[in-house]
Amino acid sequence: MRPSRALIDLDALRHNIRLLNSIAHNARCAAVIKADAYGHGAVEIARALKGEAPKLAVACYDEAVSLREAGVTTPLLVLEGFYSSEELADSTRWCDIEWVVHDMEQLDMLSEVAPLRKAGPDSTRMQTWIKLNTGMNRLGLPLNKLAHVAEKLQQFPGLSVIGLMTHFACADELDSLLQQRQWRAFQAGMQAAGANGWSYSSANSAALLQYPETHLDWVRPGIAMYGASPMADKTGADFGLKPVMTFESRLIATRELQAGDSIGYGAAWTADAPTRMGVVAVGYGDGYPRQMQNGAPVAVCGKRTKIIGRVSMDMLTVDISHIPEARIGSEVELWGGTVSADEVAGYASTISYTLFTGMTSRVPRVYINRSEVV
């Protein structure tokens, strides 16, 4: 059996969400598990968060359906909203699906479906959040449309408007002028909304960690919940977070190189002295980035070392000159507790988000719960 695998530590996940809950103080957490929980496995993560997060957030309705069909009953916030009236109509078979309204055309779709929902208990009504564009200019309504959209939505007897939200573009930067402008714009939106009983949500992971004034009623932690940092100059450990994913494999060969010997495709690395190298059974076919630079950190037998040579589809090579105990079968950590995903990502000119979500189906996820493999 190929040795590459991703260990998903559900105890670390619970540690992180509890830490984030404590930072959020009185705000509640809508835990973001879109994109298969950032590559960690959405169903398993959702189950582990039961009792820890009162709401889960996904990108699209398909992700919501997968969770409901797996028996997950936690309320689900669909961040991209609905794409069609057909999606809306189909969603009537589920309870506690919360939609984001971010575009005027969505009102026409709602007008076809919302009247079919009768006024009743909150769990049976179609629930919506209004998204305000405060400067990211991706999704969201302008402030001057807020009153009109709110009035239209409230005309549907089977629909409840439950909140106003926005999304920050530069919350990972301290003293960002755009962050300040977006926050002021959202404050204006809250003031315009008035005393209507709505909830308010603006903080992603970065804002949760750096801008406490933005916490409001609901925070939406994503990457931080998985133990990585949204800030380029910090790691998850700097905030007391624990890595949830450990990506590991094993050595399948070792070799002694002489000065002048090169390794792999393109002869991208040449030894300038005698070097003992190891071949690891992992590559870009597993999601380890091909663009990873020479010198990227890994750990062999728990000791830090570096990649040498180009990453292949199924293999990569590492320097084990200073690890005499390394041999075929020795464990290799690509990222995890010894080598952080935040650090590794920098050597590929990317971010930890892409490392996690880019892991392919060839890599089995193995879950650890209460310190036991499940």
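Positions of Cβ are set from backbone N, Cα and C atoms, glycine also.
A quick note: this is a predicted structure, and the numbers were derived from the prediction, not measured.
Per Swiss-Prot, active site, proton acceptor is recorded for LYS34 (among others), and the stated evidence type is sequence analysis. Sequence-distant neighbours of LYS34 (active site, proton acceptor) (same chain, 6+ apart, CB under 8 A from its CB) are ALA42, ALA57, VAL58, ALA59, CYS60, GLU63, LEU79, GLY222. In three-state terms derived from DSSP, LYS34 (active site, proton acceptor) belongs to a helical segment.
Among the features that Swiss-Prot reports, N6-(pyridoxal phosphate)lysine is placed at LYS34, with the record citing sequence analysis.
Neighbour list (ARG138 (substrate binding site), Cβ cut-off 8 Å, at least 6 residues apart, same chain): HIS167. As annotated by Swiss-Prot, substrate binding site applies to ARG138, MET313.
The active site, proton acceptor annotation in Swiss-Prot covers TYR265 (among others). With a cut-off of 8 Å between CB atoms and residues at least 6 apart in sequence, the same chain places ARG310, SER312 near TYR265 (active site, proton acceptor), listed in sequence order.
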